[in-house]
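Novice: Got a structure for you, written out below as structure tokens; questions coming shortly.
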Amino acid sequence: MSFVRVAPRALAARALFASHSRVISTTRPPPAYPGHIPLNSFENAFLAVGSAVMSLLDPYRADLIAALGETTAGPALPRLRDIMLASPEGRKILKERPRINTTTVDMNALAQMPEGTWGKTYKNWLDRTGVTPDSREPVHYVEDPELAYVMQRYRECHDFYHCICNFSVNVESELAIKYFEFANLGLPLAAISAIGGPSA
């Protein structure tokens with residue numbers, strides 16, 4: 001039988017890493033909602049920078065863009081939540097938390113609506129562009145469940161802005177929508193995408 005000698009420094013490093021891993025696993029708070037991944041401040045900053053860089057290299061990585069939006073939202077989400085709380089419609093949405101996807105919205109019913117209605121216009125846009133409302137990433141990195149829903153709501157309403165502006169799905173249209181979103185919602189992701197998008 002042979003033995004492999006391990007240097008004392010390596011043993012110490014392993015012990016320190018194991019101890020650090022135990023501390024992280026015991027101090028990390030439990031998820032606040034299904035799919036939530038709690039992050040500390042360092043992890044949030046690291047993910048924000050990393051997702052920003054990688055999104056520039058590959059602007060079609062929806063998961064990275066979603067992570068960038070969540071980790072840079074800052075005070076924008078509480079402000080949007082407060083705006084919603086100021087109206088009966090907003091309070092109802094926050095209470096019921098409806099989702100926008102093919103499970104919750106009857107697409108066949110939208111197709112039967114008269115021309116010129118919002119439902120028919122939205123369905124026509126989906127058919128014309130080949131987009132599905134099921135493509136939106138779930139929120140993972142926003143700490144507060146209510147604010148996580150606000151981010152999810154923003155994400156699922158994104159295609160509405162394309163439809164309202166009668167824009168297709170391409171780089172030029174996406175940049176225009178990001179300016180539109182930043183002017184109306186003030187989310188940092190919209191500004192980052194609008195500024196960084198042309199260089200991607």
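Glycine is treated like the rest: Cβ placed from N, Cα and C.
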Novice: Of the candidates Glu143, Glu146, Glu174, which does TrEMBL annotate as part of the Zn(2+) site that also includes His158, Asp159, His162?
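Specialist: Record check against TrEMBL: Zn(2+) site with His158, Asp159, His162, extra candidate from Glu143, Glu146, Glu174 is Glu174.
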Novice: Look up His158 (Zn(2+) binding site) in the DSSP assignment and report helix, strand or coil.
Specialist: helix
Novice: For His162 (Zn(2+) binding site), write down the residues of its own chain that are at least 6 apart in sequence and whose Cβ falls under 8 Å from its Cβ; none is a fine answer.
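Specialist: Counting only residues 6 or more apart in sequence, the Cβ neighbours of His162 (Zn(2+) binding site) under 8 Å are Trp125, Thr129, Val131, Ser168, Val169, Ser173, Ile177.
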